[in-house]
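Comments concern the structure below.
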Amino acid sequence: MAQLFFRYGSMNSGKTIEILKVAHNYEEQNKTVAIFTSGIDDRDQVGFISSRIGLKREATPIFSDTNIFEIVANIKPKPNCVLLDESQFLEKEHVFQLAKIVDELNIPVIAYGLKNDFRNELFEGSKYLLLYADKLEEMKTICWFCAKKATMVLRVDDKGKPVYTGEQIMIGGNDHYYPVCRKCHANPPIK
């Protein structure tokens, strides 16, 4: 029985490398995967997932008008698994499409993404994945500043100063975001 998984974690928790590993494991057994990523994440190149350790792979970009269900339903042969990177950027309708892939096509879907933003508020995609996923799995990493578990994301400006207000989505990597614990989010030891 297929299920919808949401594997969430802070920045640097290994979400993208995990997608690449899962895809490799399926393909090593001659099984197919369909890989998707957000079309707004252009840090490396639209239509690719790229891990911080340098591995990169092509993926179908998702935009507002993308119908993920229709794309997957038309893939021949039917994929054995659907993998999504940057799933926090999904819209509510996209999450419903993922559930439909599981329920109607009987294909497991594994979505990876951040749970909360730099203000510690849920992203739209994460909110609906938390509500509709059959299984929730936390991917862990440590705080950038101390040894505690990182559960939040700290945004910094170009001068390295913490930012707690502003637009929810600003694409960036370690130059603007850090995985942090609750204590360091509230009072980061930045000079």
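Cβ coordinates are placed from backbone N, Cα and C, and glycine is handled just like the others.
The feature active site, proton acceptor is assigned by Swiss-Prot to E86. Swiss-Prot lists G9, S10, M11, N12, S13, G14, K15, T16, D85, E86, S87, Q88 with the feature ATP binding site, giving sequence analysis as the kind of evidence. According to Swiss-Prot, the feature Zn(2+) binding site maps to C143, C146, C181, C184, an assignment based on sequence analysis.
Nearest in space to S13 (ATP binding site), taking C-alpha to C-alpha distance over the recorded positions E86, C143, C146, C181, C184, is C143. Apart from the site residues C143, C146, C181, C184, the chain places the Cβ of I142, W144, F145, A147, K148, A150, V180, R182, K183, H185 no farther than 8 Å from the centroid of the site's Cβ atoms, the recorded Zn(2+) location. Fewest other C-beta atoms within 10 angstroms, among the binding-site residues S13, S87, are seen around S13. In three-state terms derived from DSSP, S13 (ATP binding site) belongs to neither a helical nor a strand segment and is classed as coil. A Cα-Cα distance of 22 Å separates S87 (ATP binding site) from C143 (Zn(2+) binding site). Each residue contributes its Cα atom, and for C184 (Zn(2+) binding site) and E86 (active site, proton acceptor) those atoms are 24 Å apart. Nearest in space to C146 (Zn(2+) binding site), taking C-alpha to C-alpha distance over the binding-site residues G9, M11, K15, D85, is M11.
Neighbour count (other Cβ atoms within 10 Å of the Cβ, all protein chains): 21 for C184 (Zn(2+) binding site).
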